[in-house]
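Participant: Got a structure here, written out as structure tokens. Questions coming.
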Amino acid sequence: MSKKISGGSVVEMQGDEMTRIIWELIKEKLIFPYVELDLHSYDLGIENRDATNDQVTKDAAEAIKKHNVGVKCATITPDEKRVEEFKLKQMWKSPNGTIRNILGGTVFREAIICKNIPRLVSGWVKPIIIGRHAYGDQYRATDFVVPGPGKVEITYTPSDGTQKVTYLVHNFEEGGGVAMGMYNQDKSIEDFAHSSFQMALSKGWPLYLSTKNTILKKYDGRFKDIFQEIYDKQYKSQFEAQKIWYEHRLIDDMVAQAMKSEGGFIWACKNYDGDVQSDSVAQGYGSLGMMTSVLVCPDGKTVEAEAAHGTVTRHYRMYQKGQETSTNPIASIFAWTRGLAHRAKLDNNKELAFFANALEEVSIETIEAGFMTKDLAACIKGLPNVQRSDYLNTFEFMDKLGENLKIKLAQAKL
């Protein structure tokens, strides 16, 4: 390459522990030698979040709103042990949750597939992208133990002072039990629908929404009706032009269909279903280290990409002691490529789009050529059978990727 590609504005968020080390290596070896970015950096490391009373996380989210593209390194969400370890002022909330609450949108998880990494579900040759509606339902419910006989009722009191409406949930006649009231909001469901339709158009894959509307006729029926109405009014012609489709499916039918499919579709899930199915699907593809996570906002313009895994604390402890590590950087690399690909799409920047695609191809081709980290070697051979010659350490693997990227870009004569 004779000159660097002009990349435009990107918000990058640094993270914690081993992924922070890898994040710097990705920039140094794979991004900065080839792409000139207008980079807006925010340090979301746990110490800086504590020093700024978590203001840095909010600032980063506002910057993503402004520039439309964010790439995020994995971060620590502190528990009691972490509060003690870092002497934190308080147990700060998950940065992902804070950013999601500010931006809105839906998180889509997608597997990165290599031919030589075995999958538990061998028929899945293309990714299944799960979009989880991470709002409401059981996660914002009010639940309680019913101590003894009596009625549980739900009452709706209109703000305009008109008559209340009361529904009987259950009449407990013989002893107590448990009860729960949960909700969702039309606006949130509409945003979920728009994000899902935008994602399907962006990938060129069909979209399925799963509910249990045969049982929850009003509750799940609302999800089904809102999706259908938005699809018919705003997206149907675009879907037909791309020869893709949208369908509603019952959750049990959808689970069965997903297992026997070859993949290659978007699956929009309600909150609980998405929580369960995203982990189930991730395991089916073989490795969480090979899973991307992209937050897509309802406008289709604003995107934040990150790895779907944590900060790899165990490897970081080894690294601190000067011991060798073999940490998989692929999901973090794909956070960058998905962010850059979206920047390229917004700016109609063909060179940047080519670069993002080339880096993804190099990552997969390198693994398929037999150069990989220890976790992937373990997927192929089983951990007890892995020898040192089967894998590269963290830094060797990054060097190998850098070497292969250089060759690919030189051949492309960009």
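Even glycines carry a Cβ here, placed using N, Cα and C.
Straight from Swiss-Prot, here's the annotation block:
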type	residues	note
BINDING	Thr75, Ile76, Thr77, Arg82, Lys260, Gly310, Thr311, Val312, Thr313, Arg314, His315, Asn328	NADP(+) binding site
BINDING	Thr77, Ser94, Pro95, Asn96, Gly97, Thr98, Ile99, Arg100, Arg109, Arg132, Lys212	substrate binding site
BINDING	Asp252, Asp275, Asp279	Mn(2+) binding site
MOD_RES	Ser2	N-acetylserine
MOD_RES	Tyr42	phosphotyrosine
MOD_RES	Lys81	N6-acetyllysine
MOD_RES	Lys126	N6-succinyllysine
MOD_RES	Lys224	N6-acetyllysine
MOD_RES	Lys233	N6-acetyllysine
MOD_RES	Lys243	N6-acetyllysine
MOD_RES	Lys321	N6-acetyllysine
MOD_RES	Ser389	phosphoserine
MOD_RES	Lys400	N6-succinyllysine
SITE	Tyr139	site 'Critical for catalysis'
SITE	Lys212	site 'Critical for catalysis'
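Situate these features within the shown structure.
Facilitator: Around the Cβ of Lys260 (NADP(+) binding site), the same chain contributes Gly123, each under 8 angstroms and 6 or more positions distant in sequence. In three-state terms derived from DSSP, Lys260 (NADP(+) binding site) belongs to a helical segment.
A sphere of 10 angstroms centred on the C-beta of Lys212 (substrate binding site) encloses 16 other C-beta atoms. Reduced to three states, the DSSP call for Lys212 (substrate binding site) is coil.
There are 15 other CB atoms within 10 A of the CB of Asp279 (Mn(2+) binding site), with all protein chains counted.
In the three-state DSSP scheme, Tyr42 (phosphotyrosine) falls into the strand class. Neighbour density for Tyr42 (phosphotyrosine): within 10 A of its CB lie 23 other CB atoms from the protein chains shown.
According to DSSP, Lys81 (N6-acetyllysine) sits within a helical segment. A simple way to gauge crowding: the CB of Lys81 (N6-acetyllysine) has 8 other CB atoms within 10 angstroms, across all the protein chains here.
Counting every protein chain shown, 14 other Cβ atoms lie within 10 Å of the Cβ of Lys126 (N6-succinyllysine).
The DSSP secondary structure for Lys224 (N6-acetyllysine) is helix. On its own chain, Lys224 (N6-acetyllysine) has Leu209, Thr211, Asn213, His248 as residues at least 6 apart in sequence with a Cβ closer than 8 Å to its own Cβ.
Within 10 Å of the C-beta of Lys233 (N6-acetyllysine) there are 8 other C-beta atoms, taking all protein chains into account. Taken residue by residue with DSSP, Lys233 (N6-acetyllysine) is part of a helix.
DSSP assigns Lys243 (N6-acetyllysine) to coil in the three-state reduction, placing it in neither a helix nor a strand. Non-local contacts of Lys243 (N6-acetyllysine) by the CB criterion (under 8 A, 6+ apart in sequence, same chain) are absent.
Cβ neighbours of Lys321 (N6-acetyllysine) (same chain, under 8 Å, six or more residues apart in sequence): none. DSSP assigns Lys321 (N6-acetyllysine) to coil in the three-state reduction, outside any helix or strand.
All chains included, 6 other C-beta atoms sit within 10 angstroms of the C-beta of Ser389 (phosphoserine).
Lys400 (N6-succinyllysine) falls within a helix when secondary structure is assigned with DSSP.
The 10 Å shell around the Cβ of Tyr139 (site 'Critical for catalysis') contains 11 further Cβ atoms across the protein chains shown.
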Participant: Which one is it, among the recorded positions Tyr42, Lys126, Asp252, Asp275, that lies nearest to Pro95 (substrate binding site) by Cα separation?
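Facilitator: That would be Tyr42, the closest of Tyr42, Lys126, Asp252, Asp275 to Pro95 (substrate binding site).
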Participant: Can you tell which of Thr75, Thr77, Thr311, Thr313 has the least company, meaning the fewest other C-beta atoms within 10 angstroms of its C-beta, among these binding-site residues?
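Facilitator: Output over binding-site residues Thr75, Thr77, Thr311, Thr313: least Cβ neighbours within 10 Å is Thr313.
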Participant: Quick one: Cα separation, Ser389 (phosphoserine) versus Gly97 (substrate binding site), in Å?
Facilitator: 40
Participant: His315 (NADP(+) binding site) has how many other Cβ neighbours within 10 Å of its own Cβ?
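Facilitator: Taking all protein chains shown, His315 (NADP(+) binding site) has 24 Cβ neighbours within 10 Å.
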Participant: Could you check which of the recorded positions Lys81, Lys233, Asp252, Lys400 is the closest Cα neighbour of His315 (NADP(+) binding site)?
Facilitator: Lys81
